[in-house]
Amino acid sequence: MRYNAGSYDIVVIGAGHAGCEAGLAAARMGCKTLVCTLTLDSVAMMPCNPNIGGTAKGHLVREIDALGGEMGVNIDHTFIQSKMLNTSKGPAVHSLRAQADKKKYQERMKKVLETQENLHLRQLEVVSVEVEDGKVKGVLTKNGAFFECKAVIMTSGTYLQSRIIIGDVSYSQGPNGLSNANELSKSLIDLGIDLRRFKTGTPARVNKRSVDFSKMIEQPGDEEIIPFSFISGNIDRDQVSCWLTYTNEETHKVIQENIHRSPMYNGSIKGVGPRYCPSIEDKVMRFQDKDRHQIFIEPEGDDTEEMYVGGMSSSLPEDVQVQMIKTVPGLENAEIMRTAYAIEYDCIDPTQLKASLEFKNIDGFFSAGQINGSSGYEEAGAQGIVAGINAALKVQGKDPMILTRSDGYVGVLIDDLITKGTNEPYRMMTSRAEYRLLLRQDNADFRLTEIGHNVGLVTEERWNKFQERKQNLERELERLKELQITNKTENNEKIVELGSTELKKPIRMYELIKRPELDYFSLACLDPERPDLPKDIGDQINIIARYEGYIQTQLEQVAQFKKFEKKVLPEDLDYNDVNSLRIEAIQKLNKIRPLNIGQASRISGVSPADISVLLIFLEHYRKTGKNTDN
């Protein structure tokens, strides 16, 4: 029986990584927020890999943190190993990765939600989103409770009509043995939302006591622990190791002999899987020139013997999985605790969304996370905080926060999803960001904290710490650019000791730092008046000085990019009325409805010639009295 259960400003459907960030952002911005989850035991659950961050994903976590989100703070409290990846490469691709204690991560995040002012966390299954005259009115639960609200954020993850697949066994269930949501999809279809079917998977977990680590290569954490959050401060903690091993010819033989039993290859799986995280059977069949593949054995927490077998995601039958795992060095006697599985689920076509993550045709209805066709905890959290901020701004009658490709990886992620769409689970990579030297993980706060503060999410504590960090960097850069190092004998002796060449004439310290064999830290011997600053300030100075020319080039590219982004296209424009556009371009433009010329130029099927036509049209449109160039 239906009954009115109360009213909220915002209702969040789902409490995974997107839902947690969305709910916290909305509540912290002063909105009365309800966060619904199928079970309170799955808040911030990690159904797959037990880590946060990694290449490009670490950038997203830093950006979530810079905006005022919780993911970075939460992993800093609960990690069991920390590692900076890609340190042999340039700073644009340096990425922080932390091994999580999965249960502690969940428990702390749940506690944060439970104690957050303005936030009500409840175990409820939402079965429909109710809309009237194109505007959200509320949500209805399976128990008949109707919650009136001004905005809804859908963060339902991989739970919509999800199906677990292990060989020829298939059943209706959510990830990790949890129940799924089978009714919400129909509500979305009734609202005119296009759905598609995606697939992802997870590897087996084995008992630590049954693993022979002597046959594996130890992968310890970094001695210097670098936190994800800009407000965490120094962290000193004992760390655990991960372990590396490899598949071999015997492993591949087991897979090849049983490939006919794989639902990936016999047609049982209809959903599209992630290109950049293929199953082990997919890797073996697609890359037959490779005689081995990496397997990482990762602990799932301090208080469990479960070990994650990274790199062996599979949907092969259980008996084949047992054979396959026992061929891997160190896993000959491994006891499987959880069987690997594939999961199919409903998700939306993200081109139905605006850059604010609000549906174009439903006022007040937002969507974030894997339901939008992305993969990964970090991608979900990044979308979640943007949706939460924009839903709150919507309720408050304010303009949305739109992050562009030059603002951060979050902007790249959202722009890719809403402009190009995706035919497979979308994974963030550094190669997707054109301006990655500007969008480094070390400067996320310089790019985004002011934005987070302006929308009312960044706390005064965080803002004050950011201001101090910003001032320290600016003052030190200014000092170094003015500090002159003379070519006197004493100075030259020290410079030669550092492996560099003597000075022929005086030089500014800032220019001296640019020498590849020198850096800010080693030159302290020539700088007795140097202030005592945190190490991260010195790291920033090294990057800014050494890559100054490249950074300036990218800044010029961004200036050009912004010119097109400022050429706004009319919201109600019917592209059939624009003369000389090709039919394909008209169809794509009418579907995507880009905000501006920049976004239009990134739509697949819209050519440079079409963009020229649009620019001519806009010039005529402007001359008739409607200015679209901000």
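Cβ atoms are placed via backbone N, Cα and C, with glycine included.
Just so it is clear, the model here is predicted, and its values are computed rather than measured.
According to Swiss-Prot, the FAD binding site annotation covers GLY14, ALA15, GLY16, HIS17, ALA18, GLY19. In the three-state DSSP reading, HIS17 (FAD binding site) counts as helix.
Look at Swiss-Prot and you will find 273-287 tagged as NAD(+) binding site, backed by sequence analysis. The Cβ of GLY273 (NAD(+) binding site) has 21 other Cβ atoms within 10 Å, all protein chains considered.
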- Those residues of the chain, 6+ apart, with a Cβ under 8 Å from that of CYS277 (NAD(+) binding site): THR200, SER313, SER375, PRO425, ARG427
- Item | Integer Cα-Cα distance in angstrom, HIS17 (FAD binding site) to PHE287 (NAD(+) binding site) | 33
- Using C-alpha atoms only, work out the spacing between GLY19 (FAD binding site) and ARG275 (NAD(+) binding site) and round it to an integer in Å. 25
- Message: What whole-number Å value do you get for the CA-CA distance of LYS283 (NAD(+) binding site) and ALA18 (FAD binding site)?
- Response: 29
- C-alpha spacing of GLY16 (FAD binding site) relative to MET285 (NAD(+) binding site), in angstrom: 33
- Query: Which number gives the other C-beta atoms within 10 angstroms of the C-beta of MET285 (NAD(+) binding site), all protein chains shown included?
  - Reply: 17
- Message: Excluding near sequence neighbours, so keeping only residues 6 or more apart in the same chain, what lies with its CB under 8 A of ARG275 (NAD(+) binding site)?
- Response: GLU424, ARG427
- Message: Spatially, which candidate from the binding-site residues GLY273, SER279, GLU281, PHE287 is nearest to GLY16 (FAD binding site), comparing Cα atoms?
- Response: GLY273
